[in-house]
Amino acid sequence: MEQKPSTLDPLSEPEDTRWLDGKRKRKSSQCLVKSSMSGYIPSYLDKDEQCVVCGDKATGYHYRCITCAGCKGFFRRTIQKNLHPTYSCKYDGCCVIDKITRNQCQLCRFKKCISVGMAMDLVLYDSKRVAKRKLIEENRERRRKEEMIKSLQHRPNPSAEEWELIHVVTEAHRSTNAQGSHWKQKRKFLPEDIGQSPMASMPDGDKVDLEAFSEFTKIITPAITRVVDFAKKLPMFSELPCEDQIILLKGCCMEIMSLRAAVRYDPEGGTLTLSGEMAVKREQLKNGGLRVVSDAIFDLGKSLSAFNLDDTEVALLQAVLLMSSDRTGLICVEKIEKCQETYLLAFEHYINYRKHNIPHFWPKLLMKVTDLRMIRACHASRFLHMKVECPTELFPPLFLEV
């Protein structure tokens, strides 16, 4: 008995009908795209889905049909350049089109494209394609900005406890930061002739203007004292053993003093204001003994000027520098680490509250901690050279301690 083909058997239908009437499977894959050895495959395609024109591996939904990249390009070029009227067939338009024969007859290939449903009206000419791409890019940029604004709106602001901590840290900074917000009006400029004539030779070949060095050492003791006072006003710091307090202060003192100088960078005059009172130029600070450290602090000042930090942000950054659990010799490492995490979290939430316009503001600001660490390391190396050559009486005792 002859077996009739089942109507449910897709092989019993004509090839073109199967491609036209068959429903496309759309899988909810775990990732947005499927990758294979042959390249990019959109998530809505089956792994081995074939081009409805030639049977080659399909790459996507092109001009209303699932096709390969080759047939997509052939169809687009044919329409854009109006080539189809010039096509002809040697075999009365009866060629079978597959991935082997598709390049042998342009007319039959084009007829196959039309018969399976590829839409001529969807092909854009060059000017329209450029306009479409521009529109896509504009929409993408708009969505990116909207998502960024949305993410900023959903970032947490400080809690009530964090606001209390932020207030304490800010007041500690303001009460120990010389001249406060009036530093520009109260600063005094180091005379031009000081720091311009290097005199004493150093072991590494550099020279130091001892007059400039002497001026700097006059303000170093009160600057260190203010950093110590700042630390003592922080409740978490005062709860630590005295041994740990000393180690933390020695570790952060140069970092905090450098930060306080850097945020008082004046781009118009090209000066830094040290200890809130002495405005110096780059060359003066260099010749006064700091050399490469001078460049690092000035460069930090220039970069920080774009951040427009307020007193609270400077204060919290100082607290983060102070509570560094990686200082050598600490006893209560875990406690100090938790203290720093508390400051960091309050700091991050305050940054969210401030809503800065600089992209990636928070991670960029944290990178300044690394810069300040490098300044401290350079200063320590420089100080060893200076101790050898400069008279010991020029160094204040407290400066020698830290």
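Every residue, even glycine, has its Cβ placed from backbone N, Cα and C.
Per Swiss-Prot, the features are:
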- 51-125: DNA-binding region (DNA_BIND)
- CYS89, CYS95, CYS105, CYS108: Zn(2+) 2 binding site (BINDING)
- SER12: phosphoserine (MOD_RES)
- SER28: phosphoserine (MOD_RES)
- 1-22: region 'Disordered' (REGION)
- 51-71: zinc finger (ZN_FING)
- 89-113: zinc finger (ZN_FING)
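What Swiss-Prot annotates, mapped onto the structure for a quick look.
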{"residue": "CYS89", "record": "Zn(2+) 2 binding site", "DSSP (3 states)": "coil"}
{"residue": "CYS95", "record": "Zn(2+) 2 binding site", "DSSP (3 states)": "coil"}
{"residue": "CYS105", "record": "Zn(2+) 2 binding site", "DSSP (3 states)": "coil"}
Among CYS89, CYS95, CYS105, CYS108 [binding-site residues], residue with fewest other Cβ within 10 Å: CYS89
DSSP-derived helix, strand and coil totals, residue by residue, for the zinc finger (51-71): 3 helix, 7 strand, 11 coil
Average pLDDT across the zinc finger (89-113), rounded to a whole number: 95
Residues within 8 Å of the CYS89, CYS95, CYS105, CYS108 Cβ centre (excluding the Zn(2+) 2 site residues themselves): LYS90, TYR91, GLY93, CYS94, ILE97, GLN104, GLN106, LEU107, ARG109, LYS111
